[in-house]
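In what follows, a single structure is set out as structure tokens and then discussed.
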There are 4 protein chains.
Amino acid sequence: MLAEIKGLNEECGIFGIWGHENAAQLTYYGLHSLQHRGQEGAGIVVAHQGTLQGHKGLGLVTEVFHNETLQALNGAAAIGHVRYSTAGGGGYENVQPLLFRSQTGSIALAHNGNLTNAIDLKLQLEAQGSIFQTTSDTEVLAHLIRRSQAPTFKEQVKEALTYVEGAFAFLLLTEKELYIALDPHGFRPLSIGRLGDAYVVASETCAFDVIGATYKREVEPGELIIISGEGMRSERFAPMRPRSICSMEYIYFARPDSNVDGINIHTARKNLGKRLALEAPAEADIVTGVPDSSISVAIGYAEETGIPYELGLIKNRYVGRTFIQPSQSLREQGVKMKLSPVRGVVAGKRVVMVDDSIVRGTTSRRIVAMLREAGATEVHVRISAPPITHPCFYGIDTSTREELIASKYTVEEIRQIIGADSLAFLSQEGLLEAIGRPDHLPLRGQCLACFTGNYPTNISRARLPFTAVK
Amino acid sequence: MLAEIKGLNEECGIFGIWGHENAAQLTYYGLHSLQHRGQEGAGIVVAHQGTLQGHKGLGLVTEVFHNETLQALNGAAAIGHVRYSTAGGGGYENVQPLLFRSQTGSIALAHNGNLTNAIDLKLQLEAQGSIFQTTSDTEVLAHLIRRSQAPTFKEQVKEALTYVEGAFAFLLLTEKELYIALDPHGFRPLSIGRLGDAYVVASETCAFDVIGATYKREVEPGELIIISGEGMRSERFAPMRPRSICSMEYIYFARPDSNVDGINIHTARKNLGKRLALEAPAEADIVTGVPDSSISVAIGYAEETGIPYELGLIKNRYVGRTFIQPSQSLREQGVKMKLSPVRGVVAGKRVVMVDDSIVRGTTSRRIVAMLREAGATEVHVRISAPPITHPCFYGIDTSTREELIASKYTVEEIRQIIGADSLAFLSQEGLLEAIGRPDHLPLRGQCLACFTGNYPTNISRARLPFTAVK
Amino acid sequence: MLAEIKGLNEECGIFGIWGHENAAQLTYYGLHSLQHRGQEGAGIVVAHQGTLQGHKGLGLVTEVFHNETLQALNGAAAIGHVRYSTAGGGGYENVQPLLFRSQTGSIALAHNGNLTNAIDLKLQLEAQGSIFQTTSDTEVLAHLIRRSQAPTFKEQVKEALTYVEGAFAFLLLTEKELYIALDPHGFRPLSIGRLGDAYVVASETCAFDVIGATYKREVEPGELIIISGEGMRSERFAPMRPRSICSMEYIYFARPDSNVDGINIHTARKNLGKRLALEAPAEADIVTGVPDSSISVAIGYAEETGIPYELGLIKNRYVGRTFIQPSQSLREQGVKMKLSPVRGVVAGKRVVMVDDSIVRGTTSRRIVAMLREAGATEVHVRISAPPITHPCFYGIDTSTREELIASKYTVEEIRQIIGADSLAFLSQEGLLEAIGRPDHLPLRGQCLACFTGNYPTNISRARLPFTAVK
Amino acid sequence: MLAEIKGLNEECGIFGIWGHENAAQLTYYGLHSLQHRGQEGAGIVVAHQGTLQGHKGLGLVTEVFHNETLQALNGAAAIGHVRYSTAGGGGYENVQPLLFRSQTGSIALAHNGNLTNAIDLKLQLEAQGSIFQTTSDTEVLAHLIRRSQAPTFKEQVKEALTYVEGAFAFLLLTEKELYIALDPHGFRPLSIGRLGDAYVVASETCAFDVIGATYKREVEPGELIIISGEGMRSERFAPMRPRSICSMEYIYFARPDSNVDGINIHTARKNLGKRLALEAPAEADIVTGVPDSSISVAIGYAEETGIPYELGLIKNRYVGRTFIQPSQSLREQGVKMKLSPVRGVVAGKRVVMVDDSIVRGTTSRRIVAMLREAGATEVHVRISAPPITHPCFYGIDTSTREELIASKYTVEEIRQIIGADSLAFLSQEGLLEAIGRPDHLPLRGQCLACFTGNYPTNISRARLPFTAVK
């Protein structure tokens, strides 16, 4: 069951714009700034003169789009998507936006999140004769809309949104309107901005900065926004609940220059580092962070402790989709891929190595060994999050529970497994206070499910919309 | 004249290996770690069973090589090359290694540097009937070798090396031997390592780390190394002169984890930052560096001054060869490409912005303006090198003298042009002392020509080898 | 309305095999021999170990399939399709076989023909919530099957087949069975053969010859054949009606080496030529045929009249999908594309030019002019079919009625329009007698609708299957 | 030695145009009509505003050139080339036109033929320091031109032409002029035409017809034509010798609609068939030809004997470079590739099978067996040429002498090997008289070397130009 749901998991980035003559180009730059959220595939759909046109492909934004393909996408409204590189699944047909044409109008869908009842909904829809084109959970929404007997398209969208469960941030483009929807718990970030008269929407605010747009506000949990020639209207498809925004966006996923729900990521991470320094200081000569997400944390840790911050680890910038993995034998001979230690920096030093998480432990063990081989005399590992003990069902591709090292071992056992001289995780309180949006505040909550197992939604059952309808 | 020479300019990375059954694969990983030295093209040639075989192409190493193409390159010896993205020139045929077959044996050439008399040599060779396949200065060496009447191939190579002038680091592979040559002044870095019984050679030592090889020593200026089944021999084609290694390798070109002529780059840059802090302190709230090369400098500056180091600027990681440049109108609307300011970090702050150089001034002006737009109240620019006043003829694609802002304006004038609140350059003494290989030491010198105009070689004349021969 | 239906029109070739370990390879050679039936796209789907896998693409069979793609298609059962190059429509998603996956099993569909009520069925299915992936009429069948509430898959297929009207030859592959169905009038050819223990099915028997298979029998109108591990069963989804096989298959569409419903095409065409010679002799020096379809006719005409047969027209063999059409100005300067006259053969001669049809008249006028320019003193046009006066709704992409020259002009008027010295069409009786399957024979009839306007099926209404269901 | 020379063998097609604004486009259509002369690669070079620009690639003309690549080739002068698909050699760099740039001007070369002393010339040039870019014999000419010390470019070309031996038809384009040269024996066809004010030159006249140009005259053996802004001049680089035009051009190589040295190919072949009928009649029911080259011959044979001509063999039109060859096991199961028998035509018949040559005998044996399997009761093989007993050194890729079946076996032995009921070859007299340019006519001779071993040039020695020069 977990494996099946996992198959649909994905973390992604979405971008939309309404009312600008260079809609496709701006979506290209917006997606480009969201590239860290997904490198498997990218796509753009534009609305132009009563039709939807799109282009998508496997690879990076710059691999999928060339000048001619982009030029061909005329129109003043567009949505775009970058897709996370999942191990097993994938394939061209799952690259978004998904485009569904019919003789009465088309819809394009871009989605970030994970629908926890997608499998069940799909089974029911298929039993009633629907044919699916993809293995993506996103397609379920299109079928629910098309099956709805509600009188207007907006009502059909609203009805469909009441059937899906889990975490979702949807952009839906028709020939005439742009719909924006965020799930009732607001797991994923989604912000609204303006660029002159145009409206923009994006998973992260860095996409606004890159195109020169101005941030306006967050999309609210349970909100349905409709943008058209008449401007922007806000409605609700579900009552507002306390927000459960994903902690991992702050810890490692979002870009340092983004503000997620109003909080700057670099600053949040630096605060995590400072708090970590107070909770778990170390006797050491240098502090180094695992690039890219832990650089800010390490700087904060160094600043708080006074230990110098150094570049002890280098990330190779060009490891992409087409990188040829070294064979097992070459790996054993010492061929490194993504990360190299800086021998000239760490040799003979006691090193504090700051990272954002330990999932299975294999990566941490490898980095610790790498630092020792490069001459580090001690390696003290500091993690800027509590131990991950439970899988995520809301769009972060962590792992099944069996694979999570922290669900089976104590901190001391993990220390031994990864070979560190000392190991410390940030406390839950430390996490909440450093980020500054404590759990108890109404409407400004934060999802801690992967640390606690307290899932904000019911993940064991799936609502059965069509049996009721029939 | 300058323009013509400039046409041949290129900064590149080279890698070679002898005596390992996975020669091509290891070259792939080696080149991959040298990717920052050139993104326009890449190639590998292997020697196998008495023939040379190669594959090359335009683009990144990971774009040029796929699993099948790499698997097809059998053999225990290989050389590889990554090529710098020059504006005008380029084209498939100039991608290296260049491979020249004849009925009596083949040679493959990989070159990093610039031959200052290439144009003249080529004119003379063509007048005598030679046909060139490329517009690269590297090809001149092949023709000089083939024209030589010396009795052995090694003598032919040596004779050819005496005709070429300028900066060069050559790898030359035949069916039986690997030749390694560095120009008499040693402008470019070139190191020798071992991987088990195999020999490796690379532009930077990071290539050794990535494949698990051990650093042995530098190639000496004027040295010709021949590696074959009988092992490695060292000879000279020119007397040793004081080394004039390129300062820019330390300042911005090499990777932070490389040691160039024994000095770690990250440490050298951090020292540049500390020295810069002493020479030109600033009243400010935060220090930020222009990524990637100035990060280490900024950390040093922050450490010395006690001003916190922050991520005030973000570099977009995925701007490559196929990135679609924004149109002029989009650029004016604020679309950014490579660099974004982190609004949440710089807003309301007095910022020290550390960079490695000012060439034409346009980039600096843009970054300063970007920081102000993002809310910086003051911007103090600190440069970790002296003003660049003279063009480079040794392989760094700076600019013609007319374009160099520091050749025409005072520091105060430049400050006004770039719109900074204050501006300071590192002194020449500061540069030499921070890096730690002062000019006066015999054999450990450093080229300062772009700061001083004192070129270590005669760049105005070209020796005419063939008239003498005829 | 006509235009809409026309949009779905297509002439194609289909091939299937069951029970041979090289199923995909044999399908490749089979499709290759059917390439004349469609050059726009090609595809193969195989059943292997409980799943369907496929590969398809735009272009010729040899462009779509390479060794690796073909090798990857393991399995002992396969169906394949070549698609006709329709002007407006097309696109990758319409290339067949269409593959529809669901959580309870997959189906692949390959279709030759045209469903005359596809538009109406699609409208009704969409109104009930179905989402279509293509603009092909073939997809309608998949939705009808999935919507059926019949208890077994076979019954679902049968029910679906009763809803569709028009001309169709379907191959349907599941993980466990191969279904073969021909419409109740048998408009399109479809034959069954054996290759050792394996079953094969193809649009034309030339596909059997090319793989060394033996012809067994025709698929009967209204027959549903199911091939599985238990062998081959024959059922009916509709009562047998007199066959209305398409006359155009004999006249120009099928390959000369195929037997269509038992009659060899080359022999049939030669008989058409002989009959034409008797009905419309000419005073002339040479007989020439428009390649390729009229070569056999011209040989028959020459044999009957004793006038020598010559190669007066040459077809350029390499005009494919990627051929660059000459600009209007180059065409006016005399640049020819597909057909060239042989000046050395026709100069100074009275020429009988044999062709298979006159649709809009423009091609005939061009060829007549071409022959005159090359020096022909007289050009006598002889057509091996009656005048085409009505559009085809059964899969031949003729034209709308307004475009058909013979629906508006007399033979004499057409002669003047095309600029011939004389013009004659074969009579309907001549056509039937020459081919040898006269209209009055029960079960061996022939569709003459494009010559007579007597359509064997009702083409004006569309059955509404789902209203009954609701 | 033979093998080495063979490596350089090639049959090709060349096309040139001077003085038309659509030079590249017209070259595209010209090459397209010459596609039968070479399918391995194609290329075009244009002269425009003082520079040469080109595009070339592996594959058919329509695969190599797309609209954009063709549009980019501006200029009023162009040369083009299609290259024969040789088994072993090949590769992108050998695709012509070859383009050699230098700082004093560029030259592009397109060549049809074979230089019999290329190996020796290349050895000498390399010994003197020349570096070759290709393994094509054509490149030798470029080096000879560049090495020449003659005062003008024209004199340099003339001098170079005196060094090369064998069969050659050269087009040479510079920024200012188009040079056309034919070897002193005129082995290969080469014709001049006009298109308005423009000059055109092509291997076959069918290229003129396809672009609407008018045939003017043949290029004469030993002639050097120079076309420039001042018009066309004719000079000689060698005295005229009796023409030895290749017999195989008439027998199987040229297109039926071409005139080669004034004689129409279809007519010549029909005459070969008539003569063959007189020399070797047969008791049979049908005559069939092996497509494409023997169709005309078979028609002539049928006309002379009165036996009906039928399509007994079908050639699959789409067997190209990317066709996947059937595995040995599939071939044994009866999978056919290029040729299929027409069962409905040959079953129960005594068949005369006309072909143009028997080289190794394997193809003939396969076709005879194929016809028998399809039901032919007798198979009488008639060959429209004398037995090939000697290899060709002038550009036809026959075989080494050891492989030629007719060099080792009598006609009766060959009949048994191929399994025919009877076998006859045309006589040498029959060949000459049917084509109509008997050997004894001065200046209108014909090369019969492959039938007789009497080579018009000395093929055992190679002139050594450079030793003499030095």
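The backbone N, Cα and C atoms fix where each Cβ goes, glycine too.
Binding of [4Fe-4S] cluster is attributed by TrEMBL to D:C246, D:C447, D:C450, and the same site annotation extends, among D:C206, D:C392, to D:C392. With D:D355, D:D356 listed by TrEMBL as binding Mg(2+), the candidate from D:S293, D:S296, D:S422, D:S427 annotated for that site turns out to be D:S293. Neighbour count (other Cβ atoms within 10 Å of the Cβ, all protein chains): 27 for D:C447 ([4Fe-4S] cluster binding site). In the three-state DSSP assignment, the secondary structure recorded for D:C450 ([4Fe-4S] cluster binding site) is helix.
Mean pLDDT across the domain 'Glutamine amidotransferase type-2' (D:12-230) comes to 93 in this model. With respect to their backbone Cα atoms, D:D355 (Mg(2+) binding site) and D:C392 ([4Fe-4S] cluster binding site) stand 19 Å from each other.
The Cβ neighbour count for D:C392 ([4Fe-4S] cluster binding site), using a 10 Å radius and every protein chain shown, is 22.
Taking the C-alpha atom of D:D356 (Mg(2+) binding site) as reference, the shortest distance to any of the recorded positions D:C12, D:C246, D:C447 belongs to D:C246.
Sequence-ordered, the extra residues of this chain that approach the Mg(2+) site, with Cβ no more than 8 Å from the Cβ center of D:S293, D:D355, D:D356, are D:I251, D:Y252, D:G289, D:V290, D:S294, D:V297, D:V354, D:S357, D:I383, D:S384. Every protein chain shown contributes to the tally, and the Cβ of D:S293 (Mg(2+) binding site) ends up with 23 other Cβ atoms within 10 Å. According to DSSP, D:S293 (Mg(2+) binding site) is assigned to coil rather than to any helix or strand.
A separation of roughly 19 Å, to the nearest angstrom, links the Cα atoms of D:C12 (active site, nucleophile) and D:C450 ([4Fe-4S] cluster binding site). Residues D:C246, D:C392, D:C447, D:C450 make up the record's [4Fe-4S] cluster site, and a Cβ search at 8 Å around their centroid adds D:F187, D:S247, D:M248, D:Y394, D:I396, D:L448, D:A449 from the same chain.
DSSP assigns D:D355 (Mg(2+) binding site) to a strand. D:S293 (Mg(2+) binding site) is 19 Å away from D:C392 ([4Fe-4S] cluster binding site) when you measure Cα to Cα. You'll find the Cα of D:C246 ([4Fe-4S] cluster binding site) roughly 16 Å from the Cα of D:S293 (Mg(2+) binding site). Here the Cα atom of D:C450 ([4Fe-4S] cluster binding site) is found 19 Å from that of D:S293 (Mg(2+) binding site). You'll find the Cα of D:C447 ([4Fe-4S] cluster binding site) roughly 19 Å from the Cα of D:S293 (Mg(2+) binding site).
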